[in-house]
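Database features (Swiss-Prot):
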| type | residues | note |
| --- | --- | --- |
| SIGNAL | 1-24 | signal peptide |
| CARBOHYD | Asn111 | N-linked glycosylation site |
| CARBOHYD | Asn168 | N-linked glycosylation site |
| BINDING | Cys447 | heme binding site |
Amino acid sequence: MENLFIFLFALLLFCFMLLKLSKKYSALKLPPGPRPLPIIGNLHQIGGGLMHHILREMARTYGPLFRIKFGQVSTIVVSSPEIAKEIFRTHDVVFSYRPQNIAVFNVMTYNFSNIAFAPYGNYWRQMRKICVMEILGASRVRSFGSIRQEEVMNLIRFVGSHKGKLVNVSEKIYGLTYSITARAAFGKVSKYQQVFKEHMDKYDDLARGLDIADFYPSMKFLRLVTGMERKLKVMFKEVDEILQVIIDEHRDQRMKKIRSKVDDNEKEEEEGNEDIVDVLMNLQQSGQTELPVTDDNIKAVILDIFGAGGDTTAATLEWALAESLKNKQVLKRAQEELRTIFHSKRNVDESGFNQLKYLPAIVKETLRLHPPAPLSLPRECSEECNIYGYDIPAKTRVMVNIWAMGRDPKYWSEPEEFKPERFIDSRIDYKGNDFEYIPFGAGRRICPGMSFAIPNVALPLAQLLFHFDWKVDDDAGKLEDLDMVEHPVLEARRKNELKLIPVIYEGSCLKN
């Protein structure tokens, strides 16, 4: 009898709280949106297609700001530059928070001590400043130039050695961006580099899968049912062990240098060639940061670097090459520019990049049509606010459809066409001030890795277009027939790999 009374009391209390919450929301002017079903919300409406495509279609029905429910999670979707500006500039502080109950980020961020998902506050400000000023600043990115050049030339030589044969260019591109990132992070080629890549590939495969438990934060038992968190923890343990070994090796090397009393000139030379782990360990040991930098903080930032500099960069490079090859006039103009400017060198290097106009426009146009993340990483409203005349309750998540805004005919002529010339002599840039074009996001949470990513796209693209003319296999038709189908993953890579036949250009240094 007592148990029955407790049960009835709990049920009445639950109903009372539900009624109170319902009355509170009914008093608000909420954004429009599709009617959610009990329990599942609108989950049934997002299956069977690419999320950013589905959300664009919904925006055509419900407007540039609409509300949708993923299970228990209320989310607003933004598809307009004007509203994105309200989110990222007017109310930037309110929307600078990240949701803290997504399985993949719970596990793989060292208790949210990375930059992408750290809670907005002193720690996040410190780590972002370190990232922008110390790790991925202009001078540091330039210092990685020799790594880029060497790794890209390795790729070019490999492709050249397979002239006339079918090459899986996509596979080589993904290997290239990983190698550049790994050497920038760890220094010389590490004996753990390949096994680390294998683990990161497995992690990426897991991270791309939706965990239904993320949509029901109050139902903790679902974590056990889906098993996603358990799998992630196993993977995380393996990745963590490799990263700790790499940090310990760096620490041992530093101690050896101290004991050997390296002279000042030698120190200066080495400091110019520091890798990212070195930079973070310098800050760790200096004691000059407001908050201590732990080994776990270093590992979290390294995983961030791989997230920004690995697959997303490779996907952009892959799209840029595919779009250039598919569009005959774009290919002709790009190759003419490159082969004129670098004719005497018979090779491309970054010292001549300031003379290029069309190649940077190709990169910008690729980012418009194929942004690295078609939907912005989720943010969370820290307090109730008003956006576009609608009330947004606290804890509401927000996603910005960056992909849709880059294809909006209101802001772009012939938005579905690949036209790099639209960016020549244009002041529109990807640095977060032009809200119709924010491939790296905007506001306080803008991606700090853009300065690292852009050269890692531009140099290999330039080399691949300079050194080779390209053909497809006879069964695949012509270059103009290349498909542009997206893979349904977060970074929107190509669904089908680029498999091409290289023909070495007569003016290339590869031609003996």
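Glycine residues also receive a Cβ, built from the backbone N, Cα and C atoms like all the rest.
Annotated features, which come from Swiss-Prot, shown on the structure.
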residue: Asn111; record: N-linked glycosylation site; Cβ neighbours (10 Å): 12
residue: Asn168; record: N-linked glycosylation site; Cβ neighbours (10 Å): 13
residue: Cys447; record: heme binding site; Cβ neighbours (10 Å): 26
Fill in: Asn168 (N-linked glycosylation site): secondary structure state under DSSP, collapsed to three categories
strand
Worksheet item: Rounded to the nearest angstrom, how far is the Cα of Cys447 (heme binding site) from the Cα of Asn111 (N-linked glycosylation site)?
Response: 20
Fill in: Rounded Cα separation (Å) that holds between Cys447 (heme binding site) and Asn168 (N-linked glycosylation site)
30
